[in-house]
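S.K.: Residues or ranges marked as N-linked glycosylation site by Swiss-Prot: ASN53, ASN84, ASN118, ASN200, ASN201, ASN211, ASN266, ASN302, ASN406, ASN485. The signal peptide feature in Swiss-Prot is assigned to 1-21; the stated evidence is sequence analysis.
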Amino acid sequence: MNKIIILISLFLNFLFGYVVCLNENNQKSQNLIIPTYSIKLKSDGEYLVYSGNDTLSIAQASYTNEMMSIGWGYISITTNPKYNDSLQIEAAGYLEGYLSYEMIWQNWNNMMVNQNANNSFGNDIISWAKENILYMNQQIQLNQNDPYWINVNLVLQQLNGLTNGYSDANQNPDRQLSLMDFILLNMNVEIYDIMNSLKNNSSSFYQQPNNNSFDNNQHCSALIKLTDDLTELYTGHTTWSDYYQMVRMIKSYNFRFSKLVAAKSNTTMFSGYPGVLMSVDDFYMLDSKLVVLETTNGIKDNDSELFKLIKPQSVLTWIRIIVTNRIAHSGKSWCEIFEKENSGTYNNQWMIVDYNKFIKGVRVQDGTLYVFEQLPGYVEYADVTNILRTGYWPSFNVPYFETISNMSGFNYQSSSSDSSSSSGSIAYEQYPRSQIFRRDSNKVYSISDFQAFMRYNDFQNDPLAYGDPGNQISSRFDLITPQNNASAAGGIDSKVTSLELINQFLMIAQSGPTHDQEPPFSWSSENWKNKYPTIGQPDTFDFEWVTFSTTSFGSFPSASNEKNY
């Protein structure tokens, strides 16, 4: 009976849970009363989820699905330190899986229908994943007092709770998901690298993605901008991905573990996806005052010998990022921890902004910005604060370190002189987005300027776009002409924070493709909904910016779409 009451509550919240009003700027906004839930153990050892914020329970959550009103779902989970670490994390996972089970299915369905040609993963991938889990469990048993492996174990326990919560909430036998399904969902962005490693090891299975799918490597734009007067440091990220992946969530985890966990960060807030414990974008705010983000470099040659270095005897990136964010206390320590157990999958340029090192109006201390880049069998990182002191750090899917660039195939010779080329044959400084960052970043003076820049796409008028809507900060590949060359892919969000915001632990985010200079994206236009079947998404993405905290969210005045760079 309790399960039925909770499910009815979730449904009623979807229908009636928000009130539209006018803010002081006469802009429409949503003032939401976010439903709260708690979880405890029953006498039979099973979990019970019930309405209300019971501070004596194992964990409490605020959850609402506002995809149709603001383009985001929202979940915030807090655990009770009176319970042991394993119970806290498993209950937190269960609570998330139970409450967001509908969004989880929508995310899974959209991925399977559009990404995998056979609507399934191959046996080789599943065998690889099982071997990887076996390796981690062995290391957990051998290193029971090591904080690194203690935290790896906590991630696996959270995933197990997530699976069980989903299974108990889901009433549809056609929508059952196993623990292996959740493992595959969480490692999804790493599967292409693993498939390439299996191919190079003469594996019998190698499945090409659906032809509709975006580039195997997720691409993004990121900017870390220091104001001229040293009064503010902005950090922003725009995710590039397939539009079918736009079932989105902002998540906040406040886990209060024992000293054995050695956590330097108890609270994290990030943009993410239902059923996935990492950000994927990636964009994290930590209460240690670190902000962690990345753009994907990848490996240019699918036949590269580097793929042979990918082995199951490692820890995948999706787990390493959670562990590292929790136990790192600085940019340098973050790099040292993240280097451990390098899987060589999801090879990114990571940026770690340490707001503890930024003294407003005075100086930017060494260690404010570290950059970390990864390949199979090799990593490189450095303190690049000196570059930030010149005004900004850009990130646009091209390696910064020369060795990484050479090894991953970005610096091969080419006769092409077209600066619009995305082949990787041009200099780091000559990529279109690199030139846009250089031209426009010093025109950012306010948070509104920064928001507008992270959403910028004026490809028809920007000479650096070379007529290509993909050569902008927030790409719109759906606007490519002729239409038969277009794809429903591009920038799907933007997130920004700053010293002022992180001191309040606030993130400002906008969901969906940019619609400042360009028209909003609609599934009903250009026959997109037939080419990319999706569920759980609105037809049109024309949402405003929203400010998120660890307990609530609300409107934020939109960045001016009249700003021209």
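Every residue gets a Cβ built from N, Cα and C, even glycine.
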S.K.: Whose Cβ, among the glycosylation sites ASN266, ASN406, has more other Cβ atoms within 10 Å than any of the rest?
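M.R.: Sorting the candidates by Cβ neighbours within 10 Å, the top entry is ASN266.
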S.K.: What is the separation, in Å, between the Cα atoms of ASN266 (N-linked glycosylation site) and ASN84 (N-linked glycosylation site)?
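M.R.: Counting only the Cα atoms, the answer is 15 Å.
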S.K.: Please work out which residue of ASN118, ASN302 has the most C-beta neighbours within 10 angstroms of its C-beta, and give that one of the glycosylation sites.
M.R.: ASN302
S.K.: So which one is it: of the glycosylation sites ASN53, ASN485, which has the fewest other Cβ atoms within 10 Å?
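M.R.: So among ASN53, ASN485, the glycosylation sites given, the one with the fewest Cβ atoms within 10 Å is ASN485.
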S.K.: Reduce the DSSP letter at ASN84 (N-linked glycosylation site) to three states and note it down.
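M.R.: Assignment for ASN84 (N-linked glycosylation site) reads coil.
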S.K.: Are there any residues in the same chain, six or more apart in sequence, whose C-beta is under 8 angstroms from the C-beta of ASN84 (N-linked glycosylation site), and if so which?
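M.R.: Spatial neighbours, sequence-distant, of ASN84 (N-linked glycosylation site): SER258.
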S.K.: Find the one among the glycosylation sites ASN53, ASN302, ASN406 whose C-alpha lies closest to that of ASN118 (N-linked glycosylation site).
M.R.: ASN302
S.K.: Quick one: Cα separation, ASN53 (N-linked glycosylation site) versus ASN485 (N-linked glycosylation site), in Å?
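M.R.: With the alpha carbons as reference points, the distance is 51 Å.
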S.K.: Between ASN485 (N-linked glycosylation site) and ASN406 (N-linked glycosylation site), what C-alpha distance do you get in Å?
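M.R.: Checking the Cα atoms of ASN485 (N-linked glycosylation site) and ASN406 (N-linked glycosylation site) gives a distance of 30 Å.
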